[in-house]
Structure formats: structure tokens, C-alpha cells
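Taken straight from TrEMBL:
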- 1-33: signal peptide (SIGNAL)
- 42-155: domain 'Plastocyanin-like' (DOMAIN)
- 169-318: domain 'Plastocyanin-like' (DOMAIN)
- 423-554: domain 'Plastocyanin-like' (DOMAIN)
Amino acid sequence: MEAYNGYVKQKCNCFFLGLLFLLLALIGSVANAKTHHRTFVVQQTPENRLCRIHNILTVNGQYPGPTLQVRNGDTLVIKVLNSGRYNVTIHWHGIRQMRTPWADGPEYVTQCPIQPGASYTYRFPIENQEGTFWWHAHSRFLRATIHGALIVLPKLGSPYPFPKPKHEIPVILGEWWNRDVISVQRLAIFTGGAPNVSDAYTINGQPGDLYMCSSQGTTRFPVQSGDTILLRVINAALNQQLFFKVANHRLTVVEADAAYTKPFTTSTIMLGPGQTTNVLLTADQTPGRYYMAARAYATAQNAPFDNTTTTAILEYQSANRGVPSRPILPRLPAFNDTATVTAFSAQFRSLGKVDVPTKIDENLFFTIGLGFVNCAPGPRCQGPNNTRFAASMNNVSFVLPRRASLLQAYFQNIPGIFTTDFPRVPPIKFNYTGPVSRALWQPRFATKLYKLKFGSTVQIVLQDTAIFSTEDHPIHLHGYHFFVVGQGFGNFNRRRDTPSFNLIDPPVRNTIDVPVGGWAVIRFVADNPGVWLFHCHIDTHLAWGLAMSFLVENGIGKSQSVSPPPADLPPC
């Protein structure tokens, strides 16, 4: 009996010691968490690009805007003061906004925009997320110049799941227009045609050596021989998927959309607008100067695009001792090289086995793509056959409200703002990627949401269509990340394609490039209540209506319910 009592006593001591260590760890974690207060001033700023000075909207006078670097578990409090001339909002791309949907940012979805002269403070914690995120305007075309990196480091004491790099560098790919981007959008709306393509691409705000009057400002990244650096690559371009490459260097992919991946090595990466990809690069070449370069991956047939190339310079410091050498230019894929994109995308896997939903409550099938509407009386429209361009999901072209945001209308029970009858399948089944009847060209315009019960498991088949042209579409889901369990070309066939799904280690994304003329299947658990935009991250397509929103109902208790709106929420 004494032996038994001693055993029990020892076991109890171990139990309470374990609890003590756990409590200390939690206290340490909370103690290390910080609240970061920042002020973002949206303002007009003169910038000299492509041989001219052009006034653009920036945050704090910077293009790209300031990089925010925080840690997993920290809280951000960002006051945005709009000193510009247009309404604006800020979206924190990839941040899940658990129980803080009012901070998500898309205009007329989770908030009304911040009007000139007004301000709004975004308050949100970062919970169980780390990696490369970014922030950007979510108001019309303002994202072109209002954007920046948001780097979330692991908690103190938590290492990366890959060798620690010597340096970490944000590499932000963008698009530049010589005209005011709102004027570009207004002209497109007036004519019904596509907006003018950009005049240049940029790397960290600079076009690079291959453009007129640009060599002096070309972005340079110094390295020492033997260093391994982490490039945090962000595609902030408004309308274009981009190839990215570094001459003579291999890139090891270790993260995409702020989710760690099984490492794989490649010479070329491709990012759709909105996507991020972290790569390790080792400076193991002959000391010299090497171009980083990016240019378009363009898939829509007969659609104009910017076919220029932006560059930055990877510069070995030991190479500066002599006469500077001319940088080596990488050989980038052809503009329509879908084979390279497919081979690249197929390599993404999660680090290990993940908990993919297998019992599906909501089985949805969404067609995505462009369409046309008849030209209204007035000036001749510049879309095909005297039409206006439109875009839709399941033949519904999404219309943003103006009297109140969707989240306000839901929370405050304001009638007449939206309906919850978004179709779970296309209204008409047809050969989605083949010739399409003219009768299917014109979508319906509406503000329709799809309602999800809290905790339900969701599968969405995203199917490209060929009404104007098949095209690679980057589709982004706010408030969530999701598993990409399958991708392919042609029309999705449930019986044929479901057995090939990866339910073991599929990649986790927040923005998925649906293959040109193909499909992608995603799964997630609806565990974040609120109203969440689901849209193409090509901003021209979003403006044309290639979007919808999910209304995720409250669960049980405060932790599963939408919080009340903040007092300074902007009015409409």
C-alpha cells in the first residue's frame, strides 16, 4: 500500500508539474505577444517613373507602402487616415480575421469605404498564422499603388521548418500606369471594353533596366557568396499573372499563401494576383550581377496584355570591386506557357498529413468566367460585337450594395440589401470549356449570398468557362484558407476526377489559380462567422462582377459569433 501511495503521489506530482509547465508556457506566450500601433495616411505623392512625374495615391508617401513585421499572436491596430481624393478601404490579405470581420476591409462587403478626410481604425489579432501576407486597398483600382507586405514571424522560440536564411527580402511585383488608375477604370466602364493595359511591371516599385528612364532606380539586392536568402515574393499586380525567375539560380519553394509547403526546387515560379510564394535562394554562382525578372503569363485568347519585362538586380558584393558587369538576364517562359505553370503547380504539397474534410455538408459547383451584356443606348460599346464586358459566377454577376455593407445589413437585419439564394450549381448545364451558345452569354445582375451553417464542411468545384475565352483565374476567399484537393483541364467529371483527389497532404491556399480551360476543387470548414467575399483577384474581373459572398451563420456562444461593429465604422 505504501508503494502504491508513493506511486500515486509521484504521478500526481508529475501531473501538476506538467500543468505548471503548460501554464508558464502560456504566460510566456501571452507576455511575448505585442500590440502594434501604426498610422496609415493615404495621400497623393509625386513619383518619377518612365520619364515623367506622376501623382499617385500612396500610404505614408511610400510606393510600395510600409512593410509591417509582427509575430504570430500579436495584435495590429492600424489607423487609416484618408487624405486622398477617393474613397478607400484596406484589406489584410490572407489574415483570417477570426471574430473580427469588421476589420477585413473589402468595400461594401464588411464596411463602407473611408471617405476623404475621414479615418477608420482596423483592430485584429493574428491567431495561429505566420508567413508572408500583404495588405492592399480594396476599393476599385486603388490597389495598383496602395499595397505593402505584412510579414508574420513565428512566435519567439519557434523555428522555421527549413534552414534559417541569412537574410529575408520582400519582393513585391506590381503594375504601373502612367495615368490615374481610377481614370483608367472609369474609361473602361464608360466604353464597356477592357481597361488599358499597364505601361510597366515593377519590382518593389521600380520598373528596372529594360524601360526608358528607369535604370537609375532599379531595385538592387546585395548578397555575399554562400549566403542563403529568403525571398518573400508577392504578386500585387492589379490584373496579371506573372512568371518570376532569377538568372542562373535555383529557387526552393518553402511556403505559399502563408502556409508552409514540402520544399521543392524550381527555376521559375508563377503567381496569380494576390498570391505569395516564399523561396530560398543560395548565392552559389560566380560572383557577379544577375537579373531577377518578371513578365506576364497571359491565357485569354485575343486579349491585350502588357508584354514588357520588369527587372531587379541580385548583386554579389564581391563583384563590386571591379568594373560592374552587365547583369545576366534569365530566360523566362513564353507568355502562354501553360505546361510550365501546370508542372509548377503540381508540386505543391503540405508539410505532412493534414485534416482534410471527408464528409461534405455543402457540395457546390461554381462556373466562373466572362460574359457580355447588350450595349445600352448611347455611345457605341467597345466589347465584342458592340457589347459590354461582364463576368459572373453561376451566371450571377455580383453587384455591390451602396446603402450599407453586406455585413452591416446582416448584423443589423437591414432589409433589401441582399438575398441568400445564390445558386449552388449553374442554372444551365453546358459544355463549359467548348463552344458556348450565344444564349448563355448574358449573366443576371444581383447581390446574392450563399448561407452556410457554422461548422459545416464545404467543397467547391471551380469550373472555368469559354464564353469569351478560357482563362486562368486567381480566386481568393476572404476569412479562410482552404485545401486544394484537385485540379485538371476540361470539364470536371465527378465520377472520373474525384478518385484522384489528394486527401493526404494537399496544399493550403487562400488564392487558387483555376487552370485555363480547367477546374480546381477546394475544401474548408465554415468556422468563421460573418460575410466573406469570394472573388477573382484580377481587379478588372471583380469590377465586372466575378464574385459572390458567403454568409456564415453564428455558432454557439460568443466565440462562435460575429462581434458588434466598432464605434468608428465608416458610414455609407
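Heads up, the Cβ atoms here are built off N, Cα and C, so glycines get one too.
Per-residue confidence over the domain 'Plastocyanin-like' (42-155) averages out at a pLDDT of 98. When DSSP labels each residue, the domain 'Plastocyanin-like' (42-155) comes out as 6 helix, 58 strand, 50 coil, counted as helix, strand and coil in that order. DSSP assignment over the domain 'Plastocyanin-like' (423-554) gives 16 helix, 56 strand, 60 coil.
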